[in-house]
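Okay, so here's the structure we're looking at.
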Amino acid sequence: MVMTDLLKAEEIKKALDAFAAETFDPRKFFEMVGMRAMSAENVKKVFQVLDVDGSGFIEEEELKFVLKGFAKDGRDLTDAETKAFLKAADKDGDGKIGIDEFEALVHE
């Protein structure tokens, strides 16, 4: 499965362009690509695309490349953006984002 099976390519491009500089805000990005309106089931499918190693978690190393999960030409997140994203989503403090934490961040 690829992201364009779940989201509109033009919305992905618009969101990637909006965060082309070092200003990534995961909540705003997810809203721009239309994820906030998605069902929990479809948010889970997006999570599975981003969980590259299939561990059931999005770890810090995977977060760095999260925009590439939406489009091949997405940029890498900076270390500061990656840490801020992790801090925003990792509610139990285990250093990784589980599906429930991801869904909570998307629908906040």
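For all residues, glycine too, the Cβ spot is worked out from N, Cα and C.
Noted in TrEMBL for the protein shown:
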type: DOMAIN; residues: 38-73; note: domain 'EF-hand'
type: BINDING; residues: ASP51, ASP53, SER55, PHE57, GLU62, ASP90, ASP92, ASP94, LYS96, GLU101; note: Ca(2+) binding site
type: DOMAIN; residues: 77-108; note: domain 'EF-hand'
Cβ packing number for SER55 (Ca(2+) binding site), 10 Å threshold: 11
Local Cβ density at GLU62 (Ca(2+) binding site) - other Cβ atoms counted within 10 Å: 18
Candidate with sparsest Cβ neighbourhood (10 Å radius) among ASP51, ASP92, the listed binding-site residues: ASP92
Mean predicted confidence [pLDDT] for the domain 'EF-hand' (38-73): 96
In the chain carrying LYS96 (Ca(2+) binding site), residues 6 or more apart in sequence that have Cβ under 8 angstroms from it: PHE57, ILE58, GLU59, GLU60, LEU86, ASP90
